[in-house]
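Here's the structure we're looking at; comments come further down.
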Amino acid sequence: MKRKSLSSLYVSLGLLFTAVILKAVESAKGKYAHMLFNELFEDYSNALRPVEDTDKVLNVTLQITLSQIKDMDERNQILSAYLWIRQSWYDAYLKWDKDKYDGLDSIRIPSSLVWRPDIVLYNKADDDFSEPVNTNVVLRYDGKITWDAPAITKSSCVVDVSYFPFDSQQCNLTFGSWTYNGNQVDIINSLDSGDLSDFVEDVEWEIHGMPAVKNVITYGCCSEPYPDVTFTLILKRKSSFYIFNLLLPCILISFLAPLGFYLPADSGEKVSLGVTVLLALTVFQLMVAEIMPPSENVPLIGKYYIATMTMITASTALTIIIMNLHHCGSEAKPVPQWARVVILDYMSKIFFVYDVGENCTSPKREKEEECKFEGDDGCQRRHKEIRSPLSNRNDDCNLREKLNGNLHSVHGVNVRESVNYCSCYKMLIKNIEYIANCIRDHKANRAKGVEWKKVAKVMDRFFMWIFFVMVFFMSVLIIGKAA
């Protein structure tokens, strides 16, 4: 037990001694850091380029880390991003011997005390022209300065919305010196692309890369070259939100347009359905127009809306024309022979259109089947039975007229009564024949109107399938273009 207590005591004393030594070393390093700072910046100026030879080029290494995409404003074509910008260069006047300062190899000082390259974002689209964030720089004994500064940048980005919402965008971030040319300050890529290791996933965009390219441009105003580094941010839009909120409702609404032809003409809702669908698509079109920039490139979903609206407008116009055919009355001309053959004989069978108000189990067809079952003799026998009472009455009257001359001398009073009796039946027969002719004419006129209604119904079915096929192929086409 005594040995264990002694060993634990020795360990505690060793740790305490180590902590005291480290504290003394840190205090010594702090003392040397103050001494180094005072000696380095005694005659230092941050206004001039820190090179011993003015003809020598100062190399600045640039590295960009993309942390987050703040916003992509398609209408104003502005990309807002949160970046970490790292710049490193060598300052010829900020070197020291680390052995002279007790092994002190680096210090951290405010960036405003040292010379900094004036590297800016060329395609900046922000009204704020404030100075960069004054974060500390890391100064090493060999004169290397590393400056890490966060920045929220707003850059102009040419947005191509031709395939919205299945589009991809490429936004450039061009960095270069504002006043120094390539003979004074040269920019070197630290990596072949931007650093995406700390990127926070965006809800709307996917990052497919950020390659970096160095460019050397000679402007018309100056003969010196001006280098810059361009980072191309490749973005792919996540289209699920727009599919479920803009595209899918439009497809479902567009399938309602052909169903307007299936509505009965007497319902009075055929035209109102087409107008309602057209207004709904107009609302969606306005929503897309508010998002997109006012450019000549019409987005893919906008083209789909326009095509669907055109189709619905055509279907509404055709519905009005077909309704006029449906309401043709007895005053209308008879159905032309070509329409009777093409529409009533062939197209009605293709689209399974029966007589207006009838179907396969209608009473009329049941009567026709009964006549076929009984045969032609049965049907004719029925007509004869219906006509027999009137014909018998008429024959009796004719017979009595023939006997008028023989019986006139014997039974004078009875003959007069018989003649009056027969004349009443003749008047009744004439009235019945007049009524029958009127009913026959009415049926003929009604049959003329029924034929026009059947023509309208056949045309309704024909255009319904035509527009269903058009809507289907338009939907497949937009999905194919997106793929």
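Cβ coordinates come from backbone N, Cα and C, glycine included.
Marked as signal peptide by TrEMBL: 1-27. The domain 'Neurotransmitter-gated ion-channel ligand-binding' annotation in TrEMBL covers 35-238. According to TrEMBL, the feature transmembrane segment maps to 241-264, 271-292, 304-325, 462-480. Residues or ranges marked as domain 'Neurotransmitter-gated ion-channel transmembrane' in TrEMBL: 246-478.
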Can you tell me which parts of the same chain pack against the transmembrane segment (304-325), counting only residues 6+ beyond its ends and a CB-CB cutoff under 8 A? 247, 250, 253-254, 257-258, 260-261, 265, 270-271, 274-275, 277-278, 281-282, 284-285, 288, 298, 452-453, 455-456, 459-460, 463, 467, 470-471, 474, 478
By Cβ distance under 8 Å, which residues at least 6 away from the ends of the transmembrane segment (271-292) in the same chain are close to it? 74-75, 161, 164, 246, 249-250, 253-254, 256-257, 259-260, 263, 299, 301-302, 305-306, 308-309, 312-313, 315-316, 319-320, 323
Which residues, given as numbers and ranges, are at least 6 beyond the ends of the transmembrane segment (462-480) yet have a Cβ under 8 Å from it? 247, 251, 254-255, 257-259, 261-262, 300-301, 303-304, 307-308, 311, 315, 318, 322, 347, 351
